[in-house]
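Right, one structure below, let's go through it.
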Amino acid sequence: MENKQQSNGVMKENKEVKKKVNWSGSLIVASLTGAFGSSFLYGYNLSVVNAPAVYIKKFYNETWQRRYGFSVDESTLTLLWSVTVSIFAIGGLVGAIIVTPIVKFFGRKCTLLLNNVFAVTAALLMSLSLLAGSFEMLILGRIIMGVDAGISLSALPMYLSEISPKEIRGSLGQVTAIFICIGVFTGQVLGLPEIFGQESRWPYLFGAIAVPSLIQVVILPFLPESPRYLLLEKHNTSEAEKAFQRFLGKDDVSHEIEEVLAESRVQRNTKLVSILQLLRTHAVRWQVVTVVVTMGCYQLCGLNAIWYYTNNIFSEAGISHETIPYVTLSTGAVETLAAVFSGLVIERLGRRPLLIGGFGLMIVFFSVLTVSLTLQDTVHWLPYLSIFCILAIIASFCIGPGGIPFVLTGEFFQQSQRPAAFMIAGTVNWLSNFAVGLLFPFIQAGLQTYCFLVFAAICFAGATYLFFVLPETKNKTFHEISQAFAKRNKVTLEMQEMNHYAGERKSSAEQESDFTSSVDNGETKKGIV
């Protein structure tokens with residue numbers, strides 16, 4: 001009874017705190033700076049190779065001819081270009097695998113800062129490749145840039161989820177997706193012929209990668225580390241309190257400290273959990289499966305196929321070849337606006353409606369696009385319907401599936417499990433990315449316009465799974481989210497309550513005192529209680 005009264009009291013306090021949540025200056029600057037030097041670069045590197053593709057292939061051919069005395073054959077040139085594009089995903093996979101020990105040892109913020117070494121190195125290699133006459137430098141730069149992306153797409157969502165109050169955790173988490181979209185759009189704009197989309201200027205497209213990295217290196221050191229990391233993993237209560245005060249914009253952060261300490265009492269210790277340990281933990285089994293499904297669908301839902309068809313569809317609609325690069329900007333603009341809209345409404349509508357609804361809309365528009373492309377030679381206005389479907393699919397993706405998987409990965413797991421969870425999510429993400437790049441040409445060649453039905457089926461499978469399994473997580477603590485999954489994980493709520501309230505015989509003040517004294521004495525206790 002006492003435990004239930006305490007639980008009810010905490011819930012009432014949470015509601016009171018919810019009304020007072022503000023976006024502090026430090027929180028805004030940390031999220032924008034972190035994303036600009038991280039997820040922005042991921043999006044930028046997805047689109048930056050498209051505009052100068054013709055000039056880069058010419059550079060490959062000229063380099064080959066200068067070395068060997070004859071032009072490269074078409075199949076070898078295609079292979080070199082395919083490796084240049086797809087090796088970015090291999091680097092991303094490497095980054096996702098090595099991120100766990102890095103964020104554990106250096107922390108979330110320092111990992112983002114150190115990651116800029118990869119970005120600047122890659123920028124120098126790729127931008128100087130033409131001057132050096134070495135296409136190997138460009139390929140090496142792409143794989144190093146992939147490592148940067150693999151690390152940042154795990155470290156950034158982790159950092160954002162740990163510095164934000166739960167009431168705005170979803171909105172802040174969507175910053176990752178918003179800056180991916182802005183990065184894609186920026187790559188399209190800078191690739192225009194009037195800017196860097198010329199034969200003599202394409203190296204500048206890659207040199208520009210260093211700018212966001214250097215801005216992040218200048219600003220981010222003046223912002224705090226993740227307070228949850230400082231408190232639970234470094235056991236530095238005073239620094240954690242200062243970090244909470246700056247991020248929340250208030251002096252009294254006792255409620256937030258107690259909330260994190262309560263999580264520590266649930267998990268009993270903060271020793272880093274390995275991937276195998278996480279996979280063997282019954283209490284998070286369905287959370288892991290859900291992360292794998294959402295991340296798999298994030299890459300396999302067909303957005304890459306949309307980019308492949310865009311130019312052909314615009315051409316069929318009567319748009320001239322010279323005008324297509326400018327019209328393509330509309331796709332980047334729609335992508336960015338949809339991601340911003342999602343960030344604005346996610347705390348009102350929740351994760352479930354946006355994620356399931358996004359996949360549902362993609363199913364509808366993929367189906368209409370298939371019909372439109374199949375019959376476009378018979379009806380003169382159908383190419384315009386195809387253009388609308390393309391923009392609608394991009395918007396539907398960015399409203400939900402484009403960003404929420406990163407948010408959920410940060411919300412499902414406790415502090416000690418989070419790095420391993422992000423490693424699993426990142427590995428699935430990059431393997432799926434590589435699989436799409438490898439298999440899509442064969443799917444497209446075999447099914448032609450009907451290939452979009454494959455992606456509609458993937459979206460349907462993802463939406464169906466999420467409809468039956470995914471609980472709503474907005475404004476919920478880790479303990480509340482764990483309770484929502486408890487029945488599926490076959491973990492009794494009573495067991496969770498026992499873990500959650502173990503040691504409640506001491507008052508909150510006494511527990512904080514014990515915790516602080518143990519840190520001051522340089523001792524590490526097995527439990528805070």
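Cβ atoms here come from the backbone N, Cα and C positions, even for glycine.
Residues or ranges marked as domain 'Major facilitator superfamily (MFS) profile' in TrEMBL: 31-474. Per TrEMBL, region 'Disordered' is recorded for 502-529. For 21-42, 79-100, 112-133, 139-160, 172-190, 202-223, 288-309, 324-346, 353-375, 381-408, 420-441, 447-470, the entry in TrEMBL reads transmembrane segment.
With a cut-off of 8 Å between Cβ atoms, the residues of this chain six or more beyond the transmembrane segment (420-441) that come close are 85-86, 89-90, 92-93, 95-97, 99-100, 150, 153-155, 157-158, 272-275, 277-278, 287-288, 291-292, 295-296, 298-300, 304-305, 308, 405-406, 409-410, 412-413, 451. Below 8 A, the CB atoms of the transmembrane segment (381-408) and the transmembrane segment (288-309) form 3+ pairs separated by six or more positions in the chain. Taking Cβ pairs closer than 8 Å, the transmembrane segment (21-42) reaches residues 109, 112, 115-116, 119, 145, 148-149, 152-153, 155-156, 159-160, 163-165, 167-168, 172, 175-180, 182-183, 186, 209, 212-213, 215-217, 219-220, 223-224, 246-249 in its own chain, all 6 or more past its ends. Take the transmembrane segment (172-190) and the stretches 79-100, 112-133, 324-346: counting Cβ pairs under 8 Å, 324-346 has the most. Listed by sequence, the residues of this chain that lie at least six past the ends of the transmembrane segment (112-133) yet keep a Cβ under 8 A from its Cβ atoms are 34, 37-38, 41, 59, 63, 66, 95, 102, 106, 140-142, 144-145, 147-148, 151-152, 155-156, 159, 202-204, 206-210, 212-214, 216-217, 220-221.
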